[in-house]
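Note sheet for the following structure.
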Amino acid sequence: MYNSRISGLGFYVPENVVTNDDLSKVMDTNDEWIQERTGIKERRHVVKGTDTTTSMGVKAAQKAIERAGIAKEEIDFIVFATLSPDYYFPGPGVLVQRDLGLDTVGALDIRNQCSGFVYGISVADQYIKSGMYKNVLVIGSELHSHGLDMTTRGRGVSVIFGDGAGAAVLTREEDSSKGILSTHLHSEGQHAEELSLIAPGMGKRWVTDIIEDNDPEDTSYFPYMNGQFVFKNAVVRFSEVIMEGLQKNALSPQNIDMLIPHQANLRISQFIQKKFGLGDDQVFNNIMKYGNTTAASIPIALTEAWEEGKIKEGDLVVLAAFGSGFTWGSVIIRW
Ligand code: UT7
């Protein structure tokens, strides 16, 4: 059996910076509230007609492939995680295959929201471990801004989310002590509606229903989040799944060189850091600059940490995510 390792990383965020003060001009919010509750100072929003979820993913992927030192033709499979696809169907995986000009390699779309990238890494890792593929491209990309309620009504959600993409190339590794040591995935659908976007969907409310009702109070097509409930579950599940991963590999929190938590809220990351007794140099956060970019947040943060020289060969790197579904997971990596 082989192992897989991350051989290339890349990220892309749109140029357009939206500060907390910018948001306070269109809704009743303020810099102090947003920073105090979330740690966010600014985020990026795609200017309409420029980028899409796919185009951002492609740009991040191009960097990751280049840094992996392989030709794009060597990519055997694409995994794309997003909750904000360009089309209802087909998913963005095939659009990446087309836009990168890859041969007819398989493309899989993942619907696991904030945990999407962790689920994607796990899938890619299994394909490589089994010997089926040698190089798998995993992308997490989100274009939230076009779908948020940018009025005071939606402020509890809209100030948090940002746009961007990150990508990783996973490559076969012969040395079993290196690379992805294990992945751990969970879900609890009992709380599916606590962080969700119900419409348009075939289950309850399709586009024609929305048009027919023509109700200005209709919020069914905006994301809904029961913030405090999600927060309470997040801190518990993050802690559990990090410990699960460490224990599986006979490691303890002190062994962590770099924890890359999903950038949901700086307060959640700080809670985990304190709980595990980690120093500032053992946890990477960039939510201050980009907000919560859901499936893109871990690959963006991982790439930035790596670019800043904060991840070195031999380091124990832990990725952990929690979000809508609820879904959560962790990845334990020997870099
Ligand atoms: O990525 C997926 C996982 N997501 C998460 O893990 C997010 C978890 N949840 C959170 O991060 C936090 O719950 C939030 C940041 C979303 C909200 O913070 P909170 O401390 O839970 O605030 P809250 O929703 O309880 O609202 C407190 C007050 C309310 O006013 P009243 O009822 O006390 O008068 C809100 O109306 O803050 C008000 N509020 C705002 N005020 C200014 C809500 N949003 C805003 C805003 N600006 N943007």
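Numbering starts at 1 and runs along the chain as displayed.
Glycine residues also receive a Cβ, built from the backbone N, Cα and C atoms like all the rest.
Curation plays no part in TrEMBL annotations; they are all automatic predictions.
Computed from a predicted structure; not experimentally measured.
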Remark   = Checking 88-92, 263-267, 293-297 against TrEMBL, the stretch recorded as region 'ACP-binding' is 263-267
Task = Measure the Cβ-based neighbour count of C114 (active site), defined as the other Cβ atoms within 10 Å of its Cβ.
result = 32
Request  = Sorry to bug you, but what's the C-alpha spacing from C114 (active site) to H262 (active site), rounded to the closest Å?
outcome  = 7
Request  = Taking the Cβ of N292 (active site) as the reference point, list residues of the same chain whose Cβ is under 8 angstroms away and which are at least six residues distant in sequence.
outcome  = I40, C114, I160, F161, G162, Q263, A264, N265
Ask   = Tally of helix, strand and coil residues over the domain 'Beta-ketoacyl-[acyl-carrier-protein] synthase III N-terminal' (108-189) according to DSSP?
value = 28 helix, 31 strand, 23 coil
Key: Secondary structure tally of the region 'ACP-binding' (263-267) (DSSP, helix then strand then coil)   = 2 helix, 0 strand, 3 coil
